[in-house]
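Participant: Pulled the feature table from TrEMBL, pasting it below:
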{"type": "DNA_BIND", "residues": "29-72", "note": "DNA-binding region"}
{"type": "COMPBIAS", "residues": "301-315", "note": "compositional bias 'Polar residues'"}
{"type": "DOMAIN", "residues": "27-71", "note": "domain 'Homeobox'"}
{"type": "DOMAIN", "residues": "74-275", "note": "domain 'TLC'"}
{"type": "REGION", "residues": "282-327", "note": "region 'Disordered'"}
{"type": "TRANSMEM", "residues": "83-103", "note": "transmembrane segment"}
{"type": "TRANSMEM", "residues": "123-142", "note": "transmembrane segment"}
{"type": "TRANSMEM", "residues": "207-226", "note": "transmembrane segment"}
{"type": "TRANSMEM", "residues": "246-267", "note": "transmembrane segment"}
Amino acid sequence: RFIAKPCAINLGIQDSGPHRAQPNAILEKVFTSITKSPDGKRLEGLSKQLDWDVRKIQRWFRHRRNQDKPTTLTKFCESMWRFTFYLSIFFYGIRFLWTAPWFWDTRQCWYNYPFQPLTSRLYYYYILELAFYWSLMFSQFTDIKRKDFLIMFVHHLATIGLITFSYMNNMVRVGTLVLCLHDASDFLLEAAKLANYAKYQRLCDAFFMLFGVVFIVTRLGIYPFWILNTTLFESWELIGPYPSWWLFNGLLITLQFLHIIWSYLIIRTAYKALVRGKVSKDDRSDVESSSEEEDVTSNSTKGVFSTSSNGSNRVNGHVASGQWTEE
């Protein structure tokens with residue numbers, strides 16, 4: 001409210017919503033009670049009932065759907081908040097872990113376990129991360145429903161479960177490594193979305209490519225060979241298996257499966273960017289172009305993806321040609 005909004009206004013981002021649909025009681029009733037995307041048969045029936053052209057009714061439903069979506073200013077503020085948190089907590093974690101012996105030797109995570117002291121810095125690091133992920137869990141139900149809703153729901157459940165479970169079982173040392181590793185790429189995605197909303201397309205593409213590289217290296221490289229190696233093998237060797245060992249590693253392996261899915265989506269988006277010469281729409285997007293029917297009828301002469309500032313993202317929406325940005 002006091003930082004992100006003034007920044008957005010200075011960058012020329014307006015607090016203007018999408019084009020509002022023409023008031024119509026019949027169409028509004030269909031939209032709210034029956035369907036938000038009527039099929040051809042229903043469109044024909046409404047066309048006869050209202051004496052409207054079918055394309056006009058399609059346009060009305062498109063405008064009505066976009067009408068409920070947040071403005072670019074709102075999405076910019078949300079992304080700036082997340083960028084601030086991810087960046088701050090990442091550097092806090094790096095500064096804290098730099099002097100921690102288990103950062104350099106993961107076997108230290110299991111020496112004298114479970115009789116390891118919980119310092120105040122460890123405690124606050126854990127509580128901040130847990131509070132943030134709980135906020136994401138709740139806000140997911142009030143945000144626009146996206147195509148990766150189920151994946152994100154499972155991710156938040158696994159993350160909250162891991163943080164809580166590792167804290168209760170005093171596995172906080174390896175827990176800090178997991179948290180810091182996941183924060184390494186998140187702020188880059190939010191930075192890319194900020195550049196996207198501000199219409200700095202080249203900066204947006206650069207941040208996204210950097211995010212993709214860091215994400216794949218940390219989630220498909222460092223995570224399995226550094227984190228899973230110590231939780232699966234080093235812990236087995238030093239303290240042996242125990243009941244909670246199976247649950248803890250089960251949650252960590254669940255995260256790894258999610259990493260593989262997201263890496264696939266990122267690689268596919270990057271491939272499309274290389275083919276088309278720019279970063280295009282994210283495959284998780286629920287974006288609706290404001291000129292989708294016009295593009296179809298004009299044989300897509302304006303390109304594969306039209307430009308609009310009315311859509312939503314995966315994470316939070318898009319503007320201009322950078323329609324990939326989703327969380």
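Cβ coordinates are placed from backbone N, Cα and C, and glycine is handled just like the others.
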Participant: Do any residues of this chain, six or more beyond the ends of the transmembrane segment (123-142), have a C-beta under 8 angstroms from a C-beta of it, and if so which?
Facilitator: 85, 89, 92-93, 96, 149, 152-153, 156-157, 159-160, 163-164, 167, 172, 175-176, 179
Participant: Write out how many residues of the DNA-binding region (29-72) are helix, how many strand and how many coil, based on DSSP.
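Facilitator: Final tally across the stretch: 31 helix, 0 strand, 13 coil.
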